[in-house]
Amino acid sequence: MTIIRKKHPLIKIINHSFIDLPAPSNISSWWNFGSLLGLCLIIQILTGLFLAMHYTSDTATAFSSVTHICRDVNYGWLIRYMHANGASMFFICLFLHVGRGIYYGSYNMIETWNMGIVLLFAVMATAFMGYVLPWGQMSFWGATVITNLLSAIPYIGTTLVEWIWGGFSVDKATLTRFFAFHFILPFIITALVLVHLLFLHETGSNNPTGLNSDADKIPFHPYYTIKDFLGVLILLMAFMILTLFFPDILGDPDNYTPANPLNTPPHIKPEWYFLFAYAILRSIPNKLGGVLALILSIVILAFMPLLHTSKQRALTFRPITQTMYWILVADLLILTWIGGQPVEYPFIIIGQTASIAYFTIIVILMPMAGMFENNILDLD
């Protein structure tokens with residue numbers, strides 16, 4: 001078996017990636033989220049495939065087909081809720097994975113980090129288009145509002161929006177193409193994940209100290225396969241509790257009303273995992289400015305390696321920057337809350353303050369804290 005594992009051209013790749021891979025001996029449970037994201041992607045592709053067998057991407061029948069899946073298809077309700085809540089679990093793991101990367105300075109592996117940002121954009125695009133497919137009120141109006149943001153692009157904006165819509169409003173053509181893209185994107189994401197892993201295995205994993213761990217490596221299997229499996233069990237348990245006991249807790253009640261272009265919901269808002277970006281978008285009174293801030297809220301991650309001023313890689317031994325980091329986490333939670341609130345006092349001013357704080361912490365305060373720590377630790 002050992003000979004096949006090490007000699008067979010295909011199994012050899014798997015062996016070098018998941019079995020005989022040299023891994024740092026001290027990586028914590030924060031390093032579990034990569035494998036959990038892989039599991040989430042598999043769950044989403046499988047449940048999505050079964051949903052696609054019964055779904056029809058036509059404005060006249062889309063809502064009814066989802067109802068049919070829940071009522072008439074064997075375990076259709078389970079597949080539908082697994083897919084909907086699987087997206088939430090996916091984003092929880094994604095945010096924790098990115099947060100881990102920022103905390104431990106993993107962004108210094110630039111190729112891996114940038115590939116991760118591309119993956120984040122791809123997953124966000126997939127989730128947005130998936131939310132449109134049930135063709136409920138929030139599906140329709142969410143699609144209308146978010147695609148309309150492109151009209152802020154000077155000169156070509158309006159033409160671009162109508163080109164994406166396939167007409168003069170969100171209609172049958174829009175739904176059909178969103179379904180096509182929503183179906184193909186997870187497979188593109190799978191390919192990007194392999195590239196992400198390829199880049200990661202060029203440098204090897206980071207570790208909680210941020211120090212070089214070449215002198216102390218252990219094989220990935222059995223140590224981290226067992227450790228990852230525990231993470232998988234915890235995730236699946238949380239996932240099934242969410243899906244079976246609280247399936248609608250993260251959804252919007254408006255999406256149980258069929259799409260009606262003549263009736264606007266009182267509060268148009270995206271799914272919870274986009275609320276932080278939506279709050280940043282809304283905090284700027286100018287349309288183009290809001291769109292740029294929205295994009296920048298994610299793109300700013302690509303500048304993390306340039307903004308790294310500390311002589312140390314991780315935040316493990318840097319209490320001042322640690323404080324900034326946890327304020328940033330709290331700020332993101334505030335933005336998420338504000339994104340779900342109506343546009344009125346005091347939510348407007350809270351959202352604007354939190355948006356300014358978000359960019360200030362990342363661009364100014366954390367780099368300054370890094371330089372200050374170098375100074376007081378005499379690391380210059």
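Quick reminder: no glycine exception, Cβ is built from N, Cα and C everywhere.
Not measured: the values here are computed from a predicted model.
Taken from Swiss-Prot, the feature transmembrane segment applies to 33-53, 77-98, 113-133, 178-198, 226-246, 288-308, 320-340, 347-367, supported by similarity to another entry. Among the features that Swiss-Prot reports, heme b b562 binding site is placed at HIS83, HIS182, with the record citing similarity to another entry. Summarising the annotation, Swiss-Prot assigns heme b b566 binding site to HIS97, HIS196. Swiss-Prot lists HIS201 with the feature ubiquinone binding site, giving similarity to another entry as the kind of evidence.
Known features from Swiss-Prot, placed on the structure.
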| residue | record | DSSP (3 states) |
| --- | --- | --- |
| HIS83 | heme b b562 binding site | helix |
| HIS97 | heme b b566 binding site | helix |
| HIS182 | heme b b562 binding site | helix |
| HIS196 | heme b b566 binding site | helix |
| HIS201 | ubiquinone binding site | helix |
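Between the binding-site residues HIS83, HIS196, HIS201, the minimum number of other C-beta atoms within 10 Å of a residue's C-beta occurs at HIS201.
Remote same-chain residues near the transmembrane segment (226-246) are listed as 29, 32-33, 35-36, 39-40, 43, 78, 81-82, 85-86, 88-89, 93 (criterion: CB distance under 8 Å, separation of at least six residues from the stretch ends). The closest partner of HIS201 (ubiquinone binding site) among the binding-site residues, by CA position, is HIS97; the full candidate set was HIS83, HIS97, HIS182. Here the CA atom of HIS83 (heme b b562 binding site) lies 21 Å from the CA atom of HIS97 (heme b b566 binding site). Proximity of distant same-chain residues to the transmembrane segment (347-367), defined by a Cβ-Cβ separation under 8 Å and at least 6 residues beyond the stretch ends, is recorded for 279-280, 282-284, 293, 296-297, 300, 303-304, 307-309, 321, 324-325, 327-328, 331-332, 334-335, 338-339, 341. There are 21 other CB atoms within 10 A of the CB of HIS182 (heme b b562 binding site), with all protein chains counted.
Under the criterion of 3 or more C-beta pairs below 8 Å, with sequence separation of 6 or more, the transmembrane segment (33-53) and the transmembrane segment (178-198) qualify as touching. Between the CA atoms of HIS182 (heme b b562 binding site) and HIS196 (heme b b566 binding site) there is a gap of 21 Å.
For HIS97 (heme b b566 binding site), the count of additional Cβ atoms within 10 Å of its Cβ stands at 20 [all protein chains shown]. Spacing of HIS196 (heme b b566 binding site) relative to HIS83 (heme b b562 binding site) is 24 Å (Cα to Cα, whole number).
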